[in-house]
Amino acid sequence: MASETETFAFQAEINQLLSLIINTFYSNKEIFLRELISNSSDALDKIRFESLTDKSKLDAQPELFIHIVPDKASNTLSIIDSGVGMTKSDLVNNLGTIARSGTKEFMEALAAGADVSMIGQFGVGFYSAYLVAERVVVTTKHNDDEQYVWESQAGGSFTVTRDTSGEQLGRGTKITLYLKDDQLEYLEERRLKDLVKKHSEFISYPISLWTEKTTEKEISDDEDEEEKKDAEEGKVEDVDEEKEEKEKKKKKIKEVSHEWNVMNKQKPIWLRKPEEITKEEYAAFYKSLTNDWEEHLAVKHFSVEGQLEFKAILFVPKRAPFDLFDTRKKQNNIKLYVRRVFIMDNCEELIPEWLSFVKGIVDSEDLPLNISREMLQQNKILKVIRKNLVKKCVELFFEIAENKEDYNKFYEAFSKNLKLGIHEDSTNRTKIAELLRYHSTKSGDELTSLKDYVTRMKEGQSEIYYITGESKKAVENSPFLEKLKKKGYEVLYMVDAIDEYAVGQLKEFEGKKLVSATKEGLKLDESEDEKKRQEELKEKFEGLCKVIKEVLGDKVEKVVVSDRVVDSPCCLVTGEYGWTANMERIMKAQALRDSSMAGYMSSKKTMEINPENAIMDELRKRADADKNDKSVKDLVMLLFETALLTSGFSLEDPNTFGTRIHRMLKLGLSIDEDESAEADADMPPLEDDAGESKMEEVD
């Protein structure tokens, strides 16, 4: 009975991806086999996990295997597994109508010059079959459904048919590739064996190749008589009897037989001793584990024995994955095995979020085989394993730090993770702090560690100074650094958004308190003369401070004479426990922020004025002469808004600020106000002409 065939269109992005794969020249097409074997291994993991709680799941096919069958007669290569299989809806959704988030991202990565071998990292490895095949047929049987056949030549559509007449799989999936004429090398036994060794040697299920074996069999002429009879007829030869006797004994014929040949006989690499494993073997294992096309940066292979037993191999990649901090995706970087049986990946309880970039495997002797995700959360053994893994990861980072070049690569890729670790991991905070690196006022183009900073501290210096901001360029000429630089103190530039969170938790390093250059309460060592001079200036400018506070009202909490600004007229500092300007910027950028919290944390600004600055001195004279002078009010507003910008805050009303600047330009250029009165109808008034002439003087 012929089954009905349904035709489906490929989802648009998948169609695009297929035409990219088919129409672009890629030199390393061989990765298709790695991807298909990797998918088979995942399907086998799933059925093995299901069978831990329900043994009957394996009834249809008790053996777990991957078979590879090259057929030179039909130019097809088949990859068969006894994994979980797919239902009809799985087939339709997973192979064509629903694009994974990785589809688009993979195409963007390809366009940016990435290697096609990255395909597996984006979850679309199946489509790599079209690198070598013009037609792909997928036959699959799931325990909960009948057997179905998926077929496509990638011409925009695929068909799905119920399979009533084909060979019954029992359970699992068979992918048959009809190879392109120029890709027939993938039917050669030697080539397939090399590829499995290169990419899939460490898959934990037997991968068997259907091989042709030719044997020479010795048989006597009598046995061979029947076969040869027809051929011998009519052939007359004069042979000597003795020779004939010899021939009879030594007759050989070639016999062709087929057999399965297991290609990955290695025992799991983590069960071997680290000293016996070569760098190349670790690299091959890492690649097969992660689908990465590059080698790892560093590896840690260890076992823990005693009350608790487990073995683990941890790898640090060379670069961060494209979706490292995508919270919607569970990172599946550590695979959990129990007594060599794969249990699950993306086990969140095994490693904290800040280490989500570390990849590897853990094989426990003590966990129960039928452990569920729910049980994992309460499991004491797992908590101990996790603690050990974190400790070993930190050790591994210190090992990487011994090589400056490697550590620079590592830090560029994963510094955010270390800073997240400072924020989240109170146990290891002081250790992680030693791994941090920053630019500073004295480090030039190099990065410096907190340890190195401490060794360079001035005599009598008891605090570590830092400034946070949007970029190195934005902070290196900040008014907050003027006094610190003048006195020769080194200041660390913390210009990563996550630094704000990290430094909030890292209060001190080696007993030295971390102090922000942008918050109030910055105390610098001063001589008696400096202190005396400061007191005099405070007294002298007290009146101006009051006037400025009256003009600005609740825009600032208070106005004080500064001892941190040397050249700039003024700056705005935040309370010791409030948000810095940079933190305010970060919080404003968060779509789901709590605005009531923002109001509370960000309203405490103190204006610090520089008594040594000519503008401030002139302003003081005017305020002393007439505290109701209208030009003073305008100048104070302009100085406040400029200070907002130079101190790293954003302007609430940039238009008014712009208008003030334009007004100043007109005054400077002696443009008559009446000429452009219409254009400036909406501008806040600069009051009267007397004010204008006074402003000109200041300018």
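Every residue, even glycine, has its Cβ placed from backbone N, Cα and C.
Neighbour count (other Cβ atoms within 10 Å of the Cβ, all protein chains): 15 for Asn94 (ATP binding site). When secondary structure is read from DSSP and collapsed to three states, Asn94 (ATP binding site) falls in the helix class. Per Swiss-Prot, the feature ATP binding site maps to Glu35, Asn39, Asp81, Met86, Asn94, 101-102, 121-126, Thr173, Arg373.
The compositional bias 'Basic and acidic residues' annotation in Swiss-Prot covers 228-237.
Taken from Swiss-Prot, the feature compositional bias 'Acidic residues' covers 674-690.
Residues or ranges marked as region 'Disordered' by Swiss-Prot: 215-250 (among others).
Marked as region 'Disordered' by Swiss-Prot: 674-699 (among others).
What Swiss-Prot lists as motif 'TPR repeat-binding' is 695-699.
Ranked by Cβ neighbours within 10 A across all protein chains shown, the binding-site residues Glu35, Asp81 are led by Asp81. Under DSSP, Phe122 (ATP binding site) is assigned to a helix (H, G or I) in the three-state scheme. Of all the Cβ atoms in the protein chains shown, 21 others lie within 10 Å of the Cβ of Gly102 (ATP binding site). Taking Cβ-Cβ distances under 8 Å and a sequence gap of 6 or more within the same chain, the neighbours of Val124 (ATP binding site) are Ile14, Leu17, Arg100, Gly102, Thr103, Phe106.
Close to Phe126 (ATP binding site) in the fold, though at least 6 residues off in sequence, lie Glu35, Leu36, Asn39, Asn94, Leu95, each with a CB less than 8 Å from its CB. In the three-state DSSP scheme, Gly102 (ATP binding site) is classed as helix.
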